[in-house]
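*Asks:* Take this structure first; my questions come after.
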Protein chains: 2
Amino acid sequence: MKILAYRQQAKEALRYWLRQRIARRYPAQHLPPAQWHLAWEEKQGTEQAPRLMLQGHALHALAERYGTPLHVVNAAQLQANLAGFQQAPLCRVYYSYKTNPIPGLLAYLHQHGAGAEVISEYELWLARQLGVPPERIIFNGPAKSDRALRWAIEHSIQAIHANHLEELQRIAALAQTLGKRARVGLRVTHGGWQGQFGLSLAQGEAAAALAWALKHPHLEVVSLHCHRGFLIRTLEDLDGHLAPLLAFCAESHAQHGWLPTLLDIGGSLAIPSVEEHDAATTRRLWTFYIPPSAPNPALTLSPAAYSQAAQSKVAAFYQSRGWPLPEIALEPGRALTGNAQMLLTRVLELRHAQPAIHAVLDAGISIARSAREQFHQLFPLQAHSRPTQLYRLVGPICHPGDTLYPAWNLPQLALGETLAIMDSGAYFTSDASSFAFPQPGVLAVLPDGEICWWRQTETYQDMVAADSLPLPPETLSW
Amino acid sequence: MKILAYRQQAKEALRYWLRQRIARRYPAQHLPPAQWHLAWEEKQGTEQAPRLMLQGHALHALAERYGTPLHVVNAAQLQANLAGFQQAPLCRVYYSYKTNPIPGLLAYLHQHGAGAEVISEYELWLARQLGVPPERIIFNGPAKSDRALRWAIEHSIQAIHANHLEELQRIAALAQTLGKRARVGLRVTHGGWQGQFGLSLAQGEAAAALAWALKHPHLEVVSLHCHRGFLIRTLEDLDGHLAPLLAFCAESHAQHGWLPTLLDIGGSLAIPSVEEHDAATTRRLWTFYIPPSAPNPALTLSPAAYSQAAQSKVAAFYQSRGWPLPEIALEPGRALTGNAQMLLTRVLELRHAQPAIHAVLDAGISIARSAREQFHQLFPLQAHSRPTQLYRLVGPICHPGDTLYPAWNLPQLALGETLAIMDSGAYFTSDASSFAFPQPGVLAVLPDGEICWWRQTETYQDMVAADSLPLPPETLSW
């Protein structure tokens, strides 16, 4: 036992020494609250530490009043992101529902002119519930039910995108049964996602499927769709994505006189303030407790720059050939909603350890897995002037995988203190499970400062609502 | 474009050749249905292919009648697993709620004598709803709310396990306020999970915390708890886990005259038919489409062998010192429920490709992530005598990560055909999210053949039940 303890201590001492050296070489760069239009409260001359403010609301007060964990949506940011995508008149936005399928948020986007990109029967049902007109719905995804396809064909939605010839054949057969012409598009790939996703341009699958579809009396081929898969950050990324699509348009025009009236360039635009941890960062984080640095937001195209660049590129290509301009469909997900939402959380437990104090949060991987794998700025909701301390921030689940921030420097934390995990507007709610804890609600702060619940916090009763309880539920005091 | 295509073709040809060679060296071993007390239907002389049967029910018929995806629980298997753990009279079972928190399943286990191991306020609430007596509840986890702790102290539950000194101090303070003595235990670690989980034996943290707790007038230290973390399969694994605990008992007895009356050895026993894919298997699977082989179930201790071995080991140690025997608390999770449940799924789409046809299932990583990372036997629910074909089985989500079986040989599949993913009784339901598709229901087949819903299949309305819909929901025809 004692030898083990000495060995452990020697190992820790070595790691500590290495850590000091590495930490000096990699000082963590953080982003300021202004990146999200947040600001610290003006000093009131009181003893209270300044609080982080959003549209006149102290986020700490929202956490106290509505409980944690809690998603807070900044609707003004949502509107600004959407307006950016809409700046190029040729471009129309179809929001990727799966990214953040909160009906209140979707309805807000629809009110401001966004359409719906859906990938399942459920999402199509939701778009209908929200009153999205069929011509503003695009239906993607590898698993379209017959029932959903029938509705889509009968109501002539904007486009049904087929991933492969077998799917195209199924759509054609359904359209024939209904005595309709289905508005379809080809989903193609050029080196990104493959497998079940799309027809290869390089291997001629796309050309063969187009030739087949153009001849079918029950298909109207309106669209060409491609989703890059890998994130787009720069003009070069965007150009590399568009070039093979435009080349295919030229080929198809030469061969069949066919051009898409809808050129759907998919999603994939990155969130400027979020970045996947690379292998070196991951190793430094987990082995040596070196906090990660923020990406430089200026290196990622803004929604406005992205849509304008896409429009210029496509318009130049089409106009130089004298072709009529297409509608450019954008399917932004993370870039539209990612940075318009944050997750408020609270410190439940503190355990002193070396080199980092372990702080147990009420948010863990079951509701915030992305924060483990990507850089997400973290703010304390009150600016205490206490000395800084290294923390490992973990979730509430009884499993060591439930670690969100392996290392992060913060002013000394007290039990009950609140924090904000930024950029929770992409894949946090859609990926969430009710693992031993209820899921957070979603509270919207509207541009005029009004607050409304978009999704209620899950209750214990909700968690067993679909269950056959063998005993009559008692009314419990908590 | 053409050069790219040739390069791609050359690469594929090379991979195909390598694949053939590797595949011969690693023929996939499967497990027979009898491993799960399933059997193929007796030939009726009809044309129909024999179906896979459970307690007189054709699983295919259940899938047709109740829809897919669908979890089916084999309650006889559940009962047999539990009885195994109960064979050693010193051992008592506290089921790890987080592993599969379906109230119907939990109630069934409680009816057959299992207690509850809970890790959150919600799980404690659920145990109360199910009428579990306080003395059959153990409260673990790194995030215990004050409210839950107060209830646990007031009702003298079997044990509250503290992970570290700070938590012990919080429990003591709450007990003092309530004028009670809290029944606590120390969670200790010996090289498995660390961080927020437990007091290190090697570094003396456990000894220091024990000395502190024994002196506190509001704490009654009844228990010693240790969860191995790494899976236990063999007697050696179990011995290696128990030895440091027993050594700590001897030390504590020598120093303080203290012995735990409850020795809680945690969970970690493996499912015999499930195994994490190792790095080599993963590489063969993903790069070369080589299907994985099943583990040999005989290499994993059965519940009966495990509990009897634990009892022998502990009893021998205690008896040789003339100490009174403790209760041995077992907290099985996966080993109790893992192989008593299966997930029925259906083929929604087929795409021909080389070297494997892509079959899109209605079950993907959002409800069956474990099947991506571990060996889970897969059965077609009808034994067609068609030629065998290599498949890549993917989920319905529009993302390439949604692949469950990168390679698996099956008799040629048709659209709509049904399959069973075995051993879905651990972490499938607790980890599940409603990503673009509703979550499956849980149907129990009782030992007498009776069928009952334990959890209803999620509906679209359920998925937006907590939402503020800006429009009144229409009544839709689907």
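Each Cβ is built from the backbone N, Cα and C atoms, and glycine gets one as well.
Just so you know, TrEMBL annotations never went through curation; they're auto-generated.
I grabbed these lines from TrEMBL:
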DOMAIN    B:89-337  domain 'Orn/DAP/Arg decarboxylase 2 N-terminal'
MOD_RES   B:Lys98  N6-(pyridoxal phosphate)lysine
ACT_SITE  B:Cys398  active site, proton donor
*Asks:* List every residue in the same chain as B:Lys98 (N6-(pyridoxal phosphate)lysine), at least 6 positions away in sequence, whose Cβ is under 8 Å from its Cβ.
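*Replies:* Non-local contacts for B:Lys98 (N6-(pyridoxal phosphate)lysine): B:Ile119, B:Glu123, B:Gly333, B:Ser430.
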*Asks:* So if I draw a 10 Å sphere around the Cβ of B:Cys398 (active site, proton donor), how many other Cβ atoms end up inside it?
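*Replies:* There are 25 of them.
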*Asks:* If you run the three-state DSSP split on the residue listed as 'active site, proton donor', which class comes out?
*Replies:* coil
*Asks:* Where does the mean pLDDT land for the domain 'Orn/DAP/Arg decarboxylase 2 N-terminal' (B:89-337)?
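*Replies:* Summing pLDDT over the domain 'Orn/DAP/Arg decarboxylase 2 N-terminal' (B:89-337) and dividing by its length gives 96.
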*Asks:* In the three-state scheme derived from DSSP, which category covers B:Lys98 (N6-(pyridoxal phosphate)lysine)?
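*Replies:* DSSP call for B:Lys98 (N6-(pyridoxal phosphate)lysine): helix.
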